[in-house]
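K.L.:
After the structure tokens below, expect a handful of questions from me.
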Amino acid sequence: MLYQQIERNKRKTFLVMLVFFVIFALVGAGLGQLMWDKPLPGVLTAGVIALVYSFIIFQDPISVVMSMNHAQELREEDNPQLFHVVEDMAMVGQIPMPKVYLIPDQSPNAFATGLSPDKSAVAVTQGLLDMMNREELEGVLGHEISHIRNYDIRLSMVALVLVSAISFIADFAQNWMWFGFGGRRRDDDDEDGGSLGMIIGVIGVIFTLILGPLAASLAQMALSRNREYLADAGSVELTRNPQGLISALRKIENSQPMQAANSASASLYIEDPVRRPSLSHLFDTHPPTEERIKRLEQM
Amino acid sequence: MVAGIIIAVLLVLIVVYYISAYNGLQKAKVNTEESWSQISVQLKRRNDLIPNLVETVKGYAKHEKETLAQVVELRNQLTQVPAGNREETMKISNQITDSLKTIFALSENYPDLKANTNFANLQEELTNTENKIAYSRQLFNSSAAVYNKMLVVFPSNIVANIHHFTKVDYLDIPEEETKAPKVSF
């Protein structure tokens, strides 16, 4: 089951990147059409920007995600107990020791990130350390280590980085369009580009406008909620003790939501840090806690 | 001619399988030995920590001499066990775990001892090694299970028989630990 999940995650990661580059090229085409009446220079510019952006981010993606979530790296002396628990879980999970980060927030929560088990990191909030005993910490970190083993971290990292880029461009493009419409539009002589370029351009323009919601649903598609159940099961496989995770989930559920949660990275956390109104269950990033506890109790 | 080629191909396939089965068995065996050495490292670490603990506790809890003497005695016993005797090693190790539990439970009666930072550090270190022993034992048993399965499953069992691979015994997990959480003193 672990291997299937790893394969599925690697496939999906590739797919997400592919879709991202297609979207990016279309946006480039749209902007090119608007700015220069030709899609091609837009596509090229977008391509170069995408490459440079990916290159910069993937140099050290962990630091990027950690600073998005205001997390600081911990050393062993800072919190030996936390370090020892992470060590234990990494040992039974048979992965190298991840880096450990602390988020100064009073709400209990945690997440894991990285591109592969060889280079990964876990982050916990101050609230988690204050509220959980050792057994509960093991449950939570077992869950995070399972995400690392499953390559869930790679998929969610890539989705997060790309979705942030797309929503940045979508904002930019929308602002620019409201400003720049009309002024730029001269009567074109239909010289090059032709009708095909025109069609691609129009698709691109429409795309740019609906981009934000599109990116969000793309991320939703990629990050199935099933992986939380799988990581819960993985945690029990490591700790052989469902009780720790059950009581940790209860405590997290009954606590305040996080103050400075970065909503783009909400899906990384063990429990949704934002707490949306219950109407929009369709867009939940996490399965309901009750259901997770029920499944843990059956183990 | 065709028959000759088929036979040659079959022979090559058998040889390739034989080699990979043999290597697989060796690897699985090495895995169990590696996980055993992880346990040994933790046992040694705990043995190094125990004298410090005894020194620290002695000053505060004068009435607990017996308990302290017992854990030192067990510790010395553990160093006497011959290297290959896993069963005996784990038996004594489990007794040490129990007497450490007793010491930490007793420490509740001595507020000064509990307030000592040195003691608090030792408590965390010992809890850590106890948990690591438990988890590496879990790891040992699962790698032993992988290896033992290869010994009985056809056709790798044939290769195992030819090269006299023998079964690895599982390490017993103490009764109360099978359902209760790992140690937290």
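Here, residue 1 is simply the first one shown, and the rest follow in order.
The backbone N, Cα and C atoms fix where each Cβ goes, glycine too.
Any TrEMBL annotation is an automated prediction that lacks curation.
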K.L.:
Determine which of A:E73, A:E76, A:E228 appears in TrEMBL for the same Zn(2+) site as A:H143, A:H147.
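P.N.:
Candidate listed by TrEMBL for the same site: A:E228.
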K.L.:
A:H147 (Zn(2+) binding site) has how many other Cβ neighbours within 10 Å of its own Cβ?
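P.N.:
Taking every protein chain into account, the count is 28.
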K.L.:
Take the C-alpha atoms of A:E228 (Zn(2+) binding site) and A:E144 (active site) and report the distance between them in angstrom, rounded.
P.N.:
10
K.L.:
Beyond the listed site residues A:H143, A:H147, A:E228, identify every same-chain residue whose Cβ lies within 8 Å of the center of their Cβ atoms for the Zn(2+) site.
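P.N.:
My list of surrounding residues reads A:A112, A:E144, A:S146, A:D152, A:R227, A:L230, A:A231, A:D232, A:G234, A:S235, A:I270.
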K.L.:
Which of A:E144, A:E228 has the fewest nearby Cβ atoms, counting only those within 10 Å, among these recorded positions?
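P.N.:
Output over recorded positions A:E144, A:E228: least Cβ neighbours within 10 Å is A:E228.
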K.L.:
Indicate whether A:E228 (Zn(2+) binding site) is helix, strand or coil by DSSP.
P.N.:
helix
K.L.:
Tell me the coarse DSSP state (helix, strand, coil) of A:E144 (active site).
P.N.:
helix
K.L.:
Mean pLDDT over the domain 'Peptidase M48' (A:78-298): what is the value?
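P.N.:
That region's mean pLDDT is 81.
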